[in-house]
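Below is one structure, written out as structure tokens, with a few remarks after it.
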Amino acid sequence: MGNEEISDFEKQRLANIAERDALLKQLSLNAQSVFTPTLPNRATGSQAKTKKKPAPKKVKKEEESPAPRRMSSRLRGIAADSEVAKRKAEEQHQAYQEAERAKRVRKSDSFSLNDIFVSGQKLSGDGLLGVDVVTKGVAVPYQRTFGDDDIKKTTDKELKALRKEMSELQLWEAWEPNRIKLTPERVYTMTFHPSETKPLIFAGDKMGHLGILDASQEKPTSVKQEDEDEEDDDPDPVLTTLKPHTRTISSMVIHPSKPTHLYTASYDSSIREMDLDKTTSVERYAPDSTSDDVPLSGLDMAADDPNTLYWTTLEGEFGRYDMRTPKQGSVAVWSLSEKKIGGFSLFPTHSHYFATASLDRTMRLWDIRKLSRREPVPVGEHQSRLSVSHAAFNSAGQVATSSYDDSLKLYDFGAKGIASWKPGHTLSDAEMKPDTVVRHNCQTGRWVTILRPQWQINPQSHIQRFCIGNMNRFVDVYSSSGDQLAQLGGDGITAVPAVAVFHRSKNWIAGGTASGKICLWM
């Protein structure tokens, strides 16, 4: 009988006993750790003599309500599987959900920038002023796809001169990119201040932080004392980090006629205005209730109107609001897509036209003058094989889009006479086909911000140009005809500068990475 195999029931019973004993042992150890004080270890003589490094400067964080602490039911005297235990678990889960929900509720109040200050230097008012590509791309870090040989082979003199000029842009020498951490989290959007006297960069991240960097600063030179650590002799750049939003800052704009005002749009459903002179931040637009969740995906302003905001949402909506009027009854909203609109832009010289890029794989051209609230009809649309991430208009009437089919598409509506179109003008499918298609790896994955083209608004020559991040850790510059002008890189770039922006008139280009760090070419 002793050699008989144990039945399945007996095996399960023994396994349950072993599991119970292990659990009781673990609970006993946990209880001992709660009530047993931990004595500090005494350092040996050699360790005690070691020079202590100065403690890092602590950044004052916003006070948060303490999260509910966990304690075992046994220590609380609650029997297992009892109604009290179930009620306790439900209360803990509800408290956690409420805490997470509170973090995401937007801040509707007006406040000074010191109220939303996170780290860095505090600001003062005078301190600032074809055919779709079928194959998927594979990123190869630091492998160039454009360089000096391409410039030498260029036969067009003007194009060759511009390629040489753009390729000679150099990384900011004061600090390497891996030292310039402008935001705590992944950069989602960036912009330059319009000023041509100094490069002033703004960056918004995934958690609602706003970073500000004055790149005209010079690296301080200091005489090292004998008792100073080596780290103290190499300070980081001076920058400022604020937190005006509770969720992702998706877009930002500074109107050239109001250079002291920065407008930011966020997934927390609000648009805020930051006054750089008065160092204040006020809410300019948001839904009536804080419980309304309408994440904003894009923001733009007409070149001839510094008072009207235009935006798009992840719900496929397009909105307009004149800040000089009461919000009640004056906000206009159109539903343009059943799926999210990832990006949009106004035609700078004729702002009643705008282009949208959507998850439904379309780039659509619209005319606000003929936009019906009930059934809005576009001027025309073009469908790609996969979703379209962004549609950017330039002053010549050309639109650049990026798409997950690994292509950049260029549409020349200026050549089709967009400036003279009458209200109600429409384009056929053939007229909406892109004039140029450029192969470009747009497979960003989960941890890299989506690649979006961005035009230089006022280029220094008649050749229009735009920049876009490159998955091989570069920033690419293209002309409106699809010719590559430069591939910018450099030492110290350890991640993809996915968010790339041009200064509106100077040949300054900035790139932001998933770690919140900045690259700057000038």
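Counting begins at 1 with the first residue displayed.
The backbone N, Cα and C atoms fix where each Cβ goes, glycine too.
As the structure is a computational prediction, the values presented were derived from the model and not from experiment.
Annotation comment: Swiss-Prot describes 34-47 as compositional bias 'Polar residues'.
Here Swiss-Prot flags 34-89 (among others) as region 'Disordered'.
Sequence annotations record features per position, and here Swiss-Prot assigns compositional bias 'Basic residues' to 49-59.
The repeat 'WD 1' annotation in Swiss-Prot covers 182-223 and rests on sequence analysis. Long-range neighbours of the repeat 'WD 1' (182-223) within the same chain, counting only residues 6 or more positions beyond its ends whose Cβ lies under 8 Å from a Cβ of the stretch, are 118, 120, 123, 128-129, 172, 174-175, 233, 235, 237-254, 256, 259, 262, 264, 266, 268, 274, 447, 449, 498-506, 508, 510, 512-518, 520, 522.
Summarising the annotation, Swiss-Prot assigns region 'Disordered' to 217-239 (among others).
What Swiss-Prot lists as compositional bias 'Acidic residues' is 226-236.
Marked as repeat 'WD 2' by Swiss-Prot: 244-284.
Here the repeat 'WD 3' (294-331) has Cβ contacts under 8 Å with residues 247-248, 250-253, 255-258, 263-271, 284-285, 287, 337-346, 348-349, 351, 354, 356, 358, 366, 368 of the same chain, all six or more residues outside its ends. Residues or ranges marked as repeat 'WD 3' in Swiss-Prot: 294-331.
The repeat 'WD 4' feature in Swiss-Prot is assigned to 336-376; the stated evidence is sequence analysis. Mapped onto DSSP helix, strand and coil, the repeat 'WD 4' (336-376) counts 3 helix, 18 strand, 20 coil.
Among the features that Swiss-Prot reports, repeat 'WD 5' is placed at 381-422, with the record citing sequence analysis. For the repeat 'WD 5' (381-422), the list of distant contacts is 130, 132-137, 342-350, 353-365, 367, 429, 431-443, 450-455, 457-458, 464, 466, 468, 478, 480-482: same-chain residues at least six beyond its ends, Cβ to Cβ under 8 Å.
Distant neighbours of the repeat 'WD 6' (445-488): 137, 139-147, 150, 158-159, 162-163, 166-167, 169, 186-188, 342-343, 348, 389-390, 392-396, 398, 400-402, 408, 410, 412, 436-438, 494-505, 507, 509, 511-512, 514, 519, 521; these residues of the same chain sit at least 6 beyond its ends, with a Cβ under 8 Å from one of its Cβ atoms. Per Swiss-Prot, the feature repeat 'WD 6' maps to 445-488.
Per Swiss-Prot, the feature repeat 'WD 7' maps to 491-522; the stated evidence is sequence analysis. Away from its own ends, the repeat 'WD 7' (491-522) comes close to residues 139, 165-166, 169-172, 176-192, 194, 196, 199, 201, 203, 205, 211, 213, 215, 256, 444, 447-452, 454-460, 465-475, 477 of its chain (Cβ-Cβ under 8 Å, at least six residues beyond either end).
Mean pLDDT for the repeat 'WD 2' (244-284) in the predicted structure: 95. Assigned with DSSP, the residues of the repeat 'WD 5' (381-422) fall into helix, strand and coil as follows: 3 helix, 21 strand, 18 coil.
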